[in-house]
Amino acid sequence: QGTRDHAPAQAALRERLLGAVVSCFKRHGAAAIDTPVLELRETLVGKYGEGAKLIYELKDQGGELLALRYDLTVPFARYLAMNKITNIKRYHIAKVYRRDNPAMTRGRYREFYQCDFDIAGQFDPMIPDAECLKIVHEILSDLQLGDFVIKVNDRRILNGVFAVCGVPESQFIPACCTVDKLDKVPWEEVRSEMVGEKGLSPEAADRIGEYVQLHGGLDLIEQLLQDPKLSQNKVAKEGLGDMKLLFEYLTLFGITGKISFDLSLARGLDYYTGVIFEAVLLQQDNEHLEEPLSVGSVAGGGRYDGLVGMFDAKGRKVPCVGVSIGIERIFSILEQRLEASGEKLRTTETQVLVATPQKHLLAARMKLISELWDAGIKAEMLYKKDPKLLKQLQYCEDTGIPLAAIVGEQELADGVVKLRDVATRKEVRM
């Protein structure tokens with residue numbers, strides 16, 4: 001069905017992963033917001049290009065046309081317009097739904113989490129955009145997923161390329177969707193689709209091919225600024241100027257070593273208006289694996305300055321830029337690594353098990369565990385009246401609980417508790 005259940009160890013891994021992402025978002029001053037899973041169908045349709053066919057559409061008993069949210073960006077834009085918000089830095093972690101062909105080994109599902117960070121408001125060019133790229137760099141570095149590259153491009157540069165190559169403006173978005181496949185299929189196939197399905201002339205496709213296979217850094221930006229055709233296109237020149245400024249800011253953040261200006265990056269969503277970016281893992285640590293896990297991009301985003309205006313009755317625009325972390329794909333990598341290493345993952349955060357060595361001491365256990373809970377300590381006990389001490393200690397070893405608080409008849413008489421380190425078996429009375 002393209003959805004999956006998660007055993008305790010998998011759920012614990014996911015929680016740890018989400019915790020690291022949330023920690024990064026909060027470090028950058030983002031506030032949490034939430035939007036409903038259900039949206040009006042009209043809110044979502046027309047915002048996703050060819051992805052629109054993957055929207056789950058529903059019809060309620062009253063005949064209202066609804067849909068499950070496809071991503072967290074469009075609902076965010078609708079939220080800003082409805083509440084007349086013009087300035088916010090937010091994060092949102094929630095499930096989204098796509099009527100896609102699932103590919104389990106690649107972390108591709110019909111129901112999956114997205115982790116979004118967005119900055120909305122009128123600010124000086126490229127400063128918020130640079131922070132979004134810094135966040136992607138921080139998260140992928142913190143998770144130690146291996147080598148990665150963050151590809152960046154600009155829709156204005158792409159539109160300029162299409163214009164100087166003779167593509168009609170009405171064909172820009174279909175051409176974008178086709179170019180976006182270059183990371184999965186060779187140029188020959190992309191060219192064939194442009195000519196055969198999208199109706200571009202072979203000459204226009206060949207001219208596009210000269211540009212979209214280029215990638216580099218500041219040197220490439222300078223080269224394109226001198227390009228006799230592109231430099232005459234106002235939109236492309238504007239995009240290249242901002243790209244140069246972006247690279248200056250990324251240099252100050254110290255992350256240009258992982259950034260690639262890549263003209264093949266298109267991101268096939270209709271709502272992008274400026275800078276776009278996508279993070280791709282270059283290699284996985286496959287020392288223990290029979291074959292490397294292929295997961296594609298693990299983060300993506302960009303600038304969408306016109307989206308909020310679509311939901312505002314007066315068409316008022318709120319500039320926005322954001323990034324989405326592909327948590328399911330990252331989870332697939334970490335899960336497979338964990339299985340290959342044979343490492344056991346703790347499924348709870350329990351700090352101490354309250355145990356008794358003799359019979360008829362359930363009351364003592366319940367009083368002590370209540371004190372621990374009230375003090376904010378994570379504690380458990382076995383749900384038996386008279387469990388054997390060995391069984392209680394074995395439970396600690398099986399679940400990774402580091403301490404056992406033992407209270408027996410002697411401890412009760414002396415007014416103490418015996419604290420046992422499960423791993424070293426050392427005991428102290430306190």
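Yeah, the Cβs are placed from backbone N, Cα and C, and that goes for glycine too.
Copied over from TrEMBL:
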type    : residues                                                           : note
BINDING : Asp71, Leu72, Thr73, Arg98, Gln114, Asp118, Arg267, Tyr271, Tyr272 : L-histidine binding site
DOMAIN  : 1-357                                                              : domain 'Aminoacyl-transfer RNA synthetases class-II family profile'
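All features noted in TrEMBL, drawn onto the structure.
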residue : record                   : contacts (Cβ under 8 Å, 6+ apart)
Asp71   : L-histidine binding site : Tyr48, Val96, Gln114, Asp116, Ser324
Thr73   : L-histidine binding site : Asp116, Asp118, Tyr271, Tyr304, Leu307, Gly322, Ser324
Arg267  : L-histidine binding site : Cys176, Asp180, Ile276, Glu278, Gly300, Gly302
Tyr272  : L-histidine binding site : Arg155, Gly302, Arg303, Tyr304
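Its Cβ taken as reference, Gln114 (L-histidine binding site) is surrounded by 19 other Cβ atoms within 10 Å in the chains shown. Spread of the L-histidine binding residues is 21 Å (greatest Cα-Cα distance among Asp71, Leu72, Thr73, Arg98, Gln114, Asp118, Arg267, Tyr271, Tyr272).
The average pLDDT computed for the domain 'Aminoacyl-transfer RNA synthetases class-II family profile' (1-357) is 88.
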